[in-house]
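Going by TrEMBL, these are the annotated features:
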{"type": "DISULFID", "residues": "CYS166-CYS188", "note": "disulfide bond"}
{"type": "TRANSMEM", "residues": "21-44", "note": "transmembrane segment"}
{"type": "TRANSMEM", "residues": "64-89", "note": "transmembrane segment"}
{"type": "TRANSMEM", "residues": "96-121", "note": "transmembrane segment"}
{"type": "TRANSMEM", "residues": "224-244", "note": "transmembrane segment"}
Amino acid sequence: QLLFKTENRRMERRDKTPIQKYCLSVFNGIFLALGLMLLTFGLWLLFDRNNLFSVLFSSGENHLVTYISCILLGIGSVVTFTSGMGFLGSVVEIKCLLVTYMGFQILMFVAQMAILVLIIMKKEEVHNQWNSRIDEVISEYGNESLAEQEPVWNILNAVQSNVECCGRYNATQWERNKNKKNSTQIPCSCTKSNPKNWFCDVSRDSTYSIGCEEYLNTWFENNVLILTAVTISLLITQIILVTLTHQLFRNIIKNNIWPNE
């Protein structure tokens, strides 16, 4: 009877190992996919000159986009490297790689918790900067001495034209702009007309009446929500991965110590 129980334990350990490897590979693949999403998000912010957030916050002395991009690229790169390490360690059953993998996961978990707290704490501050920067762009719009800002103005024109809105809160905001030939002018993108000039002479009743704030806020909130969701998903996946890796590691140790038990 003792021999029978021993044989059962040995078979159970052998049966568990492939299942643990499979589960670890599946969650490691999910972990890698989430990491690649962060990597792609960072590259998009860094190199895409057609999204409003990047153009607004990468001009002048404001390096917010660069900082965020570097953080995302760093996390995405570490996740990709760590995933490869975990996959190799589980398939080949290299104990030192599994231990290193768990160590990396714990360190990354702490770092990502700090980033998640930072996102939550700084979200309102960044949102206020976002609105202030849009107001600044509206004030500078059409200034011939600021030709380097034309990409920002073009994107603002695209938003106003496509969404059929005018200004951040409404069309009266453009009264603050001092670059018009006369006070009655309005950006051409605030109207149905689409000439190549920055400003057009049109009547107020032919101007889009609603502001772009709702659209801009929705765009901002959606991107923050996606980033937060990916970070939380990574944290949950890491907890599962550390648990699975620890179980696999213990099973490998037992099989090596008592191979014939």
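Count begins at 1; order follows the chain as displayed.
From the backbone N, Cα and C atoms, a Cβ is placed for every residue, glycine too.
Of all the disulfide-bonded residues given, namely CYS166, CYS188, the one with the smallest number of surrounding CB atoms inside 10 A is CYS188. Within the same chain, residues 24-25, 28-29, 31-32, 34-43, 45-46, 53-54, 57-58, 95, 97-98, 100-101, 104-105, 108, 111-112, 115, 126, 129, 234, 241, 245 sit at least 6 positions outside the transmembrane segment (64-89) and bring their C-beta atoms closer than 8 Å to a C-beta of that stretch.
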